[in-house]
Amino acid sequence: MSSLLSERQKDELHKSMLSYLHAAGMHDTYDALKRETDNADFTNDDPKARWVGLLEKKWTSVIRLQKKIMDLESRNASLLAELSSPTRATTSSSSSSTPFIPRAPARHTLTSHRAPITKVAFHPTWTILASASEDASVKIWDWEGGEMERTVKGHTKAVMDVDFDAKGDMMVTCSSDLTIKLWDTSNDYTNVKTLHGHDHSVSSVRFTPDGEKLVSASRDKTIRVWEVSSGYCVKTFTGHAEWVREVVPSDDGRWLVSCSNDQTSRVWDSSTGESKMELRGHEHVVECVAFAPVASYSAIRELAGLGAATAGESRAKAPGAFAATGSRDKTIKLWDAQSGQCLRTFVGHDNWIRALVFHPTGKYLLSASDDKTLKIWDLTNGRCIKTIDAHGHFVTCMSWGRTLVGGGGGGGGGEVNGDSGIKQVNGTEPLGKRRINVLATGSVDQTIKIWTP
């Protein structure tokens, strides 16, 4: 085994062993190992040396991995037992027809941050969740096991947003330190670029669907578009009169929707920077905004009494036709993004609305609020069908996980599903894959909660 290690790795291993032996008081063994490894000049003077505690860390990592393997083997055995059960056909068909709606208690409560959580984001393919916090760090979690994997540091002030590109190769963050940072997920989350250009706190950043650009919003009242490959700002959009809280691209990347302290939301043409529509109707700061997925269009049309879309309505069946906004006026509004008409106002929360996500089926809208709850709204009739007491303090953020786990991909001839952006084969999930339904919420109580069926 030692032949597989580089000289540097061998040296680090020897020093970690020496550090452990010294700390454990095994002085004879410690002296013998110093002689045999040619480390006569080794000292334990530097408590911050990288090999200090390394042996213990490696050992606990092995224990964690063994536990994870045992848990997976146990789950695999139960799934195999379920497959062989004669009642499987009826039970699986009934459960699959019922969409996942979060219910208490949460599967995991993740604790490690030392300040309020500002954003959460799921990796598109791994069972990984990233959480951003006012403690100036991003933490990477294995949400399935409920364990923290690493802390990503680089920003000097609160991290306001985090996002992964569609392939999961890159992570982006933005901060009150006026910067945007790109991180290589496959290389220990190394910071590969830092983007400068905004003149005030950067409150929101997202990858475009093709992964080639970033869109950001700032307290400097602007929206900027950045080229990922070069790190250059290629466009600046102006129009909002106050702090721009959030900006989100449509599923095809053609449109952007933003919201602001100026109590409005705007729809932008991403290629020209032209403000195509102003959504005006809230009576306070608009905190969050989301485009409705194409899968929800039929429910929204039924709710608003719009009737079926005709072939001549070019945008009626394309991404970006409808949007939802949440405000400090305690209401959620659903908008026709083409005409600017408010289709429905959802009333029920007792405090600011901080986050909105549409259910992957398109049937529901989920909202998170400073009243410490999540609410699930039925889009066909506009009613709140469930309220969950989610956290002990304000719920600041929420994200839907669309992770696919399982065997290999589905081969050619697939198409992209409008709801999830995941390649499908003959209208089904990729072969050998299964969808994991998961929701994450973050709070001022410094915890992240994972909600699964």
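Placement of Cβ uses the backbone N, Cα and C atoms for every residue, glycine included.
The model shown is predicted, which means the values in this text are computed figures rather than measured ones.
Feature annotations, reproduced from TrEMBL:
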COMPBIAS  84-98  compositional bias 'Low complexity'
DOMAIN    7-42  domain 'PAC1-like LisH-like dimerisation'
REGION    83-104  region 'Disordered'
REPEAT    110-151  repeat 'WD'
REPEAT    152-193  repeat 'WD'
REPEAT    195-236  repeat 'WD'
REPEAT    237-278  repeat 'WD'
REPEAT    324-345  repeat 'WD'
REPEAT    346-387  repeat 'WD'
REPEAT    437-453  repeat 'WD'
Residue numbers, six or more beyond the limits of the repeat 'WD' (152-193), whose CB comes under 8 Å of its CB atoms: 115, 118-126, 130-140, 199-207, 209-211, 214, 216, 226, 228, 231, 421
Cβ contacts under 8 Å made by the repeat 'WD' (346-387) with residues that lie 6+ beyond its boundaries: 99, 101-103, 287-290, 292-300, 302-303, 324-328, 330-334, 393-400, 402, 419-420, 437, 439, 441, 443
Beyond the flanks of the repeat 'WD' (437-453) by at least 6 residues, Cβ under 8 Å: 100, 102-103, 106-111, 113-120, 122, 129, 131, 133, 141, 143, 146, 355, 357, 360, 366, 368, 372, 374, 390-401, 403
Helix, strand and coil totals (DSSP H, G, I; E, B; other) for the repeat 'WD' (110-151): 0 helix, 25 strand, 17 coil
Helix, strand and coil totals (DSSP H, G, I; E, B; other) for the repeat 'WD' (237-278): 0 helix, 24 strand, 18 coil
